[in-house]
Amino acid sequence: MAVPTSVGAAVEAASARYPLAKGFRPSYGTAGFRALAELLDSTMFRCGIMMAARAIKASAITGICITASHNPAPDNGVKLVEPSGEMLCQEWETYANDLANAQTDSDLIAQVASLLAREGIAAPGGGIVMIAHDTRPSGPHLAEAAAAGVRCLGVEPQMCGLLTTPQLHWMVMSRNRGQPWAEADYCAALAGAYQQLVAGTQPLGQTLYMDCANGVGAPKMAALAQQLAGAGLAVDLRNTGEGVLNGGCGSDFLQKDRQLPANYADVPAGARCCAVDGDSDRLMYFTPLADTPGKALLFDGDRIACLSAMLLRDLISALPPGAGDVSVGIIQTAYANGAASAYIRDNLGCAVEVTPTGVKYLHEAAHHYDCGVYFEANGHGTVLFVKDFLARLEQLAGESRAAADLLALSVVINQAVGDALSGILLVEAALRRRAWGLDQWAALYTDLPSRQLKVTVADRTVITTTDAETRCASPAGLQAAIDAAVAPVPRGRAFVRPSGTEDVVRVYAEADSQEAADALAGAVAKLVHAQAGGVGPAP
Ligand code: NG1
Ligand code: ZN
């Protein structure tokens, strides 16, 4: 397989500047590649080559976002954007791994040749790759490495600078659809649709305290908030970059520690607060607890899913008969709290579907419904509308406020990927339309106490799972042992799976009391350590 001479020469010339770090074996995980930033030059360069090929193949625009999301500041990573604005399709993940792991320049050229041949790409050129990064100091340099890769295929890299991950996805989606796609268009579209959704309702009246995780969400929410002036949404931005990215703040910190983030000491108990992660694709709401200072009551992705489903149900039930049947599905992972799943099934009467962890699976499943709501418990998710349903709504929008509002909802909530900024507008609109405070939202159901633990093992791939990761297929005997540990625990549930983003096995347990959940998680962690090659002392 011969690679076009110009491509081979360009790869060879540029690759020397972005060598594979010694001993580094990148692996495309749950959401792209992630590692210490200093290891990633070659990975970015090679992702640039691949996303250029993806753009040529589709005669369209693709995207590369340099971010390690909620990971610590010294890490970085990459999220890759399809022409549709969605995450890279799974068939191309293999190319990403093959390219990223090529050991020498000639291996790399051979891998590029093989990709081009398999995809039937005969000539370089065509398409655009949009490249953005989050606030990590390593971002601009790694974006340049990606751009160098893009140029090897004669494709134009477009440097977009600082963006949230979902903004880049939205821009790629909109641009390929021939719609206004600039960052200012994003703000205008979201703000305009939000105003439609809340028209005629009273502002909630209190300030929303937003923890920006010291990341890109801070400047981007500030820009969006300007467009929202007059819409009755007052936002007080905290952790806007003065501290460490994702350090002692952000949605991941809140979910894990259920502690108030840094710089919230003055925020009154009961106040409406939210937190995003380093690249603003995860969202948690929370409030300072009055009786346990320093602690927060969380409104996680499950609860956001419930609120979204309620808003959808309200609007769909108000549609005129011409709208026909509308299917609504809620997609969750095994990490969804059992109380949330029960509430959705029993009280909202919506279908609940469980997929493996990773938004790519949830996103795909959400396409099975006219309206597919998906949220991971960690706050990553969105609401997808199928095209045919949107077309029906457009026909009805002139005569039906509910149809117009559903259309507005499809604009407020990012149709490309989970988006914390658009999620904030969704939650705010849903609460405001019901004139609800956090109390009513909290009262929907009570979370079952849960506990997550990590176990380090020599090789986490010895653990394989089935049934959307709820059961362990190997090592033999582990699932039977977990079943035995769960059986006596009232409302007990537990599962284990290898992480796709960290070199650990994750353990999840829930039960009817915190003590029981902690004990069950501890017991299951011990089983994993004993039966799957635990490293270091037993948990
Ligand atoms: P892993 O490390 O595969 O569990 C974590 C999250 C996912 C997802 C990815 C990508 C949990 C338990 N897992 O994946 O939900 O968000 O990171 O960021 O929260
Ligand atoms: Zn993120």
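The backbone N, Cα and C atoms fix where each Cβ goes, glycine too.
Annotated features, as they stand in TrEMBL:
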type     : residues                                                               : note
DOMAIN   : 52-90                                                                  : domain 'Alpha-D-phosphohexomutase alpha/beta/alpha'
ACT_SITE : Ser69                                                                  : active site, phosphoserine intermediate
BINDING  : Ser69, Asp277, Asp279, Asp281                                          : Mg(2+) binding site
DOMAIN   : 104-175                                                                : domain 'Alpha-D-phosphohexomutase alpha/beta/alpha'
DOMAIN   : 300-436                                                                : domain 'Phosphoacetylglucosamine mutase AMG1'
BINDING  : Glu376, Ala377, Asn378, Arg497, Pro498, Ser499, Gly500, Thr501, Arg506 : substrate binding site
DOMAIN   : 479-526                                                                : domain 'Alpha-D-phosphohexomutase C-terminal'
Length of the line joining the Cα atoms of Pro498 (substrate binding site) and Ser69 (active site, phosphoserine intermediate), in Å: 19
Tertiary contacts of the domain 'Alpha-D-phosphohexomutase alpha/beta/alpha' (52-90), as residues 6+ beyond its ends and Cβ separation under 8 Å: 31-37, 40, 43-44, 96, 112, 115-116, 119-121, 124-134, 136-139, 142-143, 146, 149-155, 163, 165, 168-176, 213, 244-247, 250-252, 277-279, 281-282, 359-360, 363, 415-417, 501
Within 10 angstroms of Asp277 (Mg(2+) binding site), Cα basis - recorded positions out of Ser69, Glu376, Gly500, Arg506: Ser69
Count of other CB atoms lying within 10 Å of the CB belonging to Pro498 (substrate binding site): 19
Among Asp277, Asp279, Glu376 [binding-site residues], residue with fewest other Cβ within 10 Å: Glu376
Inter-residue C-alpha distance, Asp281 (Mg(2+) binding site) and Arg506 (substrate binding site) (nearest angstrom): 22
Three-class DSSP secondary structure - Pro498 (substrate binding site): strand
Of Ser69, Asn378 (the recorded positions), the residue whose Cβ has the fewest other Cβ atoms within 10 Å: Asn378
All-chain count of other Cβ atoms within 10 Å of Asp281 (Mg(2+) binding site): 32
Intrachain C-beta neighbours of Arg506 (substrate binding site), sequence separation six or more, cut-off 8 angstroms: Gln452, Leu453, Lys454, Val496, Arg497, Pro498, Ser499
Helix-strand-coil residue split for the domain 'Alpha-D-phosphohexomutase C-terminal' (479-526), DSSP-based: 21 helix, 12 strand, 15 coil
Alpha-carbon distance [the residue listed as 'active site, phosphoserine intermediate'; Glu376 (substrate binding site)] in Å: 15
Residues among the binding-site residues Glu376, Asn378, Pro498, Gly500, Arg506 that border ligand 2 - Cβ under 6 angstroms, in sequence order: none
Nearest-integer angstrom distance between the alpha carbons (Cα) of Asn378 (substrate binding site) and Asp279 (Mg(2+) binding site): 14
